[in-house]
Structures are given as C-alpha cells and as structure tokens.
Amino acid sequence: MDKVEWAYEDYIRISDLPACHDLYDGGHWRSFIVRSTSSGKLMATTVFHPQNMEHAAVEEEALKLREYFVHGAGAHINLSSLYFQACRNVRCTNEVAPLTLLHGDTHLVEDLSGFAFRISPDSFFQVNSQAASILYETALKLANLTYTTTLLDVCCGTGTIGILASRYVRGVVGIDIVRDAVKDAEHNATLNHVSNAEFISGRAEKVVPEVIRGLGMSSEIVAVVNPGRSGLHESVIHALCETKQIQRLIYISCKADNANTLQNFVQLCHEGNFTLRKVSPVDLFPHTTHTELVLLFKR
C-alpha cells in the first residue's frame, strides 16, 4: 500500500497543478483513496478539484493520470482499477460528481466468511475483512435469528450482513441511501445464490414504514443498524421505535461516543422502550484507539 501512496506523491510532484490542501485555498489534487482485497487487487480513486478549469482541461488531467499509472512510472503498481472524480465539495456522491473509470475493472470482489462481495468505488465495505467476519458473526449471534425471522438491515451497504444472515432467516430486507451500494447488494445476492433477500434504495425513515406495512403486523422482525460515525437521524430511530414487531435490535457502532450516536441509544430506550442488554467490542482497527461496538437492545 505504501508503494501506491509514494507513486501518487511522485505524480503530484511532477504535475503542473498543485495539491489542494484546503477546499477554499485553491489547488486541485484533493485525495487518493486506495482499496485492496485479500487477493491483492487494488482500486484507486483520485478526487480532483477542478476550480475554474474548463471541462476539456479536466479531462486532459485525467488522461495524464491514466498514462502515468498504466504506461508510465506508476505502472509497476499494477492497479486493478483507477477511477477519477472531479468534485468541488467536501465529498461528492457518484450522483453529484460521476466517478469515471480510467482503467481496469469496474469493481473489486472480496471474500468474507465464504461469500463473495462486489464492491463499487462509492460503496461502503469494512476495511479489515478478517475482523469484519468476527464483527458480523458477533452481531448475528446476538440477533438470535430463527427461520421465522425477517431481518431488517438498515444501512446495508453492499449487503454483507443480510447475505450472511440469509441462511438463518425467513427473509432479509436491506435499506441504504447509496444507490450504487444497493446495486452491489442485489448483485451480491445473485452472486451468492441468495433468493430470500431484497434491497431497497432510499431514506430509511421513509422506507421502513413501507416495508413494515408489507410484512404485516404478525411478522417477527429483528433489526440490525450499521450507520456511519455520526449515527442515525432521529427520524430513523423513531420509525424503528414505532415498529412494535421489532423486539430485538442490534446496533453496530464505529464511534459509540459520538454525541448523536449516544442520543440514538437514549431515544431507543426512552421512546422505544428498549433496554440495553449486552455490549460486545470488536477490535476492527488494531494499533489504534478505535473499536467497533455491537450493542443488543431488547424491549
């Protein structure tokens, strides 16, 4: 991985355009995101701030970058995929600023607990796949799933939790706001011959009530939520609290001391009448102060 970073640093040094250290201080080369798989495949995404450049000039810079990594001094890195994104904001989704494939495969494929998962450049996937297997196994054990259970997977990403759980439950419904992630989840279900999982793109606070109405009041539902660092919006927690069929909820948190995440816990207990029964830490980020927490809430 270090060789990839050094190659990109060398490219910036020879580029006619400066790096962008701050969004409002000028410069162009914003960031370089590298993903790797257990089989050694590498996907790199360059984020470029166009400033006042014409579209043709931005395209020319993308082609120069491609030439460097495919035929030039950076070719020894042997990237499996190279993406380019012209983004004027702090972060841009694929819908706001399309990710352009400059070279190689459109996706990576990673193995997790015996299942294969396709990963798009804009989709969430845990960076430590070996520890992620332990994380998800821990969550599924706490979920206490049965063949009469429907698993509601909120912030499902590429469908990892739902697909891993599919063999233990009646059905899976995954929800994620990132459309590309849902496309990956649908593909991954097909790839792994999973026929009892459905994935929906949309805002969870709107989708959850619709899903519940479709399942009926007699359904046994276990919810798993796996949000980003800032936790869930209060409207999502409200929708989960209003769903009385959810008697057991698994909350996977990568930053449990975040103020909004703590408020999620309070809201679940106060509004939803849940109680926190168990907390299991998983060291997903060795040699750092960070850890993932798996929390079991029950009514």
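Cβ from N, Cα, C; glycine included.
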Problem set entry | One of Gln126, Gln130, Gln267 listed by TrEMBL as binding S-adenosyl-L-methionine at the site of Asp176, Asn226 | Gln126
Problem set entry | Neighbours of Gln126, Asp176, Asn226 excl. site residues, C-beta within 8 Å of centre, S-adenosyl-L-methionine | Phe124, Phe125, Cys155, Cys156, Gly157, Thr158, Thr160, Ile161, Ile252
Problem set entry | Other CB atoms, at most 10 A from the CB of Gln126 (S-adenosyl-L-methionine binding site) | 20
Seminar exercise, completed: For Cys254 (active site, nucleophile), the spatially nearest of the binding-site residues Gln126, Asp176, Asn226, using Cα atoms, is Asn226
Exercise. For Asp176 (S-adenosyl-L-methionine binding site), what is the tally of other C-beta atoms lying within 10 angstroms of its C-beta?
Worked result: 27
Problem set entry | Cβ contacts of Asn226 (S-adenosyl-L-methionine binding site) (under 8 Å, same chain, 6 or more positions away) | Asp153, Val154, Cys155, Cys156, Gly157, Ile161, Ile252
